[in-house]
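Visitor: Here it is: the structure, laid out below.
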Amino acid sequence: SLFELGKMILQETGKNPAKSYGVYGCNCGVGGRGKPKDATDRCCYVHKCCYKKLTGCDPKKDRYSYSWKDKTIVCGENNSCLKELCECDKAVAICLRENLDTYNKKYRYNYLKPFCKKADPC
């Protein structure tokens with residue numbers, strides 16, 4: 001669910017997920033879809049593609065369990081869809097951390113999604 005995703009992003013990046021990534025570039029946050037503006041936005045694009053491959057669960061609502069061991073996210077679900085959902089969220093949280101150095105505040109909040117160019121299909 002969005003709850004676990006937000007928690008993972010906070011743990012990996014130290015940033016408030018809603019404030020920092022809720023409306024960022026063309027792909028981070030609700031809605032938005034388009035050619036990624038930078039590496040951070042690309043993380044979100046890949047994450048949305050990961051969600052599209054899921055069948056049998058709702059990425060925004062379905063809760064799953066994971067643990068935080070030695071600063072590593074460990075997904076722990078028996079249900080295959082929830083496990084894949086957790087892995088999608090884990091991947092984006094790690095990607096966002098790995099790209100903190102290219103995070104650009106100009107793409108946060110004020111970037112107009114109508115100006116996003118159509119992205120390649122997943």
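All residue numbers here begin at 1 and follow the chain in the order shown.
Just so it is clear, glycine is given a Cβ too, placed from its N, Cα and C backbone atoms.
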Visitor: According to Swiss-Prot, which listed range is region 'Important for membrane-damaging activities in eukaryotes and bacteria': 21-34, 105-118?
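Guide: So the range that Swiss-Prot calls region 'Important for membrane-damaging activities in eukaryotes and bacteria' is 105-118.
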Visitor: Per Swiss-Prot, which of Cys49, Cys50, Cys57 is disulfide-bonded to Cys122?
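Guide: Swiss-Prot annotates a disulfide bond between Cys122 and Cys49.
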Visitor: Candidates are Cys43, Cys75, Cys81. Which one does Swiss-Prot pair with Cys57 through a disulfide bond?
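Guide: Looking through Cys43, Cys75, Cys81, the record in Swiss-Prot gives Cys81 as the partner of Cys57.
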Visitor: Which one is it, Cys43, Cys44, Cys50, that Swiss-Prot ties to Cys88 with a disulfide?
Guide: Cys50
Visitor: Scan Cys44, Cys75 and flag the one Swiss-Prot records as disulfide-linked to Cys86.
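Guide: When Swiss-Prot is consulted, Cys86 turns out to be bridged to Cys75.
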Visitor: Would you identify the secondary structure of Cys49 (disulfide bond) according to DSSP, in three states?
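Guide: DSSP call for Cys49 (disulfide bond): helix.
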Visitor: Checking the recorded positions Lys15, Cys26, Cys44, Cys88, which are within 10 Å of Phe115 (site 'Hydrophobic membrane-disruption site (MDiS)') at the Cα level?
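Guide: So the list reads Cys26.
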Visitor: Other than its own, how many Cβ atoms are within 10 Å of the Cβ belonging to Cys57 (disulfide bond)?
Guide: 20
Visitor: Looking at the recorded positions Cys75, Lys105, Lys118, Cys122, which ones sit with their CA no more than 10 Å from the CA of Cys50 (disulfide bond)?
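Guide: If one measures from the Cα of Cys50 (disulfide bond), the recorded positions that come within 10 Å are Cys122.
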Visitor: Taking only C-alpha atoms and a 10 A limit, tell me which of Lys19, Cys43, Cys44, Cys95, Lys105 are near Cys26 (disulfide bond). These are the recorded positions.
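Guide: Passing the 10 Å Cα cut: Cys44.
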